[in-house]
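Let me begin by presenting the structure, written as structure tokens, before commenting on it.
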């Protein structure tokens, strides 16, 4: 059986995602689709709007055959490590290819871009350092260095100002760095851009647009036409039970408490928290009544919103720099769900899979997995605050979902 891999967050699963996985399967001429999906906390440093199990159900209903969790260590990391973790897992599970969405759907500009940077690495790194010295943020410095090289060596390259192109580049980079035989493929994105708001006449919207619409109206009807019926039903069921979708705003009381129980110097223990920002974080926490006002007090030219959110995520979950440095690569494959075809694939390929395949978490003993379970427990704690409805599934007790 031929498998194509995709890297996803499904926050939530929408019509654009359904198109992407259908096209990925078609272009790859694959029998099954394997998705590596972030768990409870995501790459932009924020909690998923619904838990990993609900999103797994959405994925299986939408046509994914196997859903594997991207460990917290990678799901909350900068793009380079996020991609490395995901591509490592897709390679280990035996995918022949991986597919990602991009602005124009052509793989050659991605290959050109990788070669440009790889062949001029010394100059590229020097340009980044020069830009950082001016006080520019790291993402802006990367883009500056890239622009300088593209002007010096003209060719068809990708636009690295586009979020999906950035991730696509890092997926390709990870595959090359890992010396993986997995083949890169790209699918053109349709209609909605990453940050676009919902449009009344369109059935396609970005996940960001959907979350913003729900945050501003609290009406599920506003997003009904841009998500599959099954996703809409799962979102409706979630909201009926928990009265909210997860966000840092809804987590704010517990997040504020977590920050304030530390001293400023203690905050620097946590992953990505750079010395110099700890006092600003503490001062903002003490003087803010909401997450948004907290963030507005900290963000600056040097620290992007996303970078600060990742720091905050690690403070909230207690994930330290020491822990981060102790991991070099994914150490297991956590199975979240599978279709009948997915189960058949695993049955045939199980002996060839390069990492331990975990379906019964309670029987496993792995330091990286323990971090995932702890993050899920803290996520559940915030969701269940003030709610008398049924409890969320206990992460270490929940078996893979079968569809």
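Cβ from N, Cα, C; glycine included.
Here's what Swiss-Prot has on this protein:
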- 7-20, 101, 164, 189-190: ATP binding site (BINDING)
Report task. Could you list the residues of the same chain, at least six apart in sequence, whose Cβ is under 8 A from the Cβ of residue 7 (ATP binding site)? Result -> 35, 36, 70, 83, 86, 87, 90, 98, 100, 167, 171
Query - Spatial neighbours, same chain, of residue 19 (ATP binding site) - Cβ under 8 Å, 6+ residues apart - result: 190, 204
Query raised in the report: For residue 164 (ATP binding site), what is the tally of other C-beta atoms lying within 10 angstroms of its C-beta?
Result: 18
Query raised in the report: Counting other Cβ atoms within 10 Å of each Cβ, which of the binding-site residues 10, 13 scores lowest?
Result: 10
Query raised in the report: What is the total of other Cβ atoms whose distance to the Cβ of residue 16 (ATP binding site) is within 10 Å?
Result: 21
Requested in this report: Could you find out if DSSP has residue 7 (ATP binding site) as helix, strand or coil?
Outcome: strand
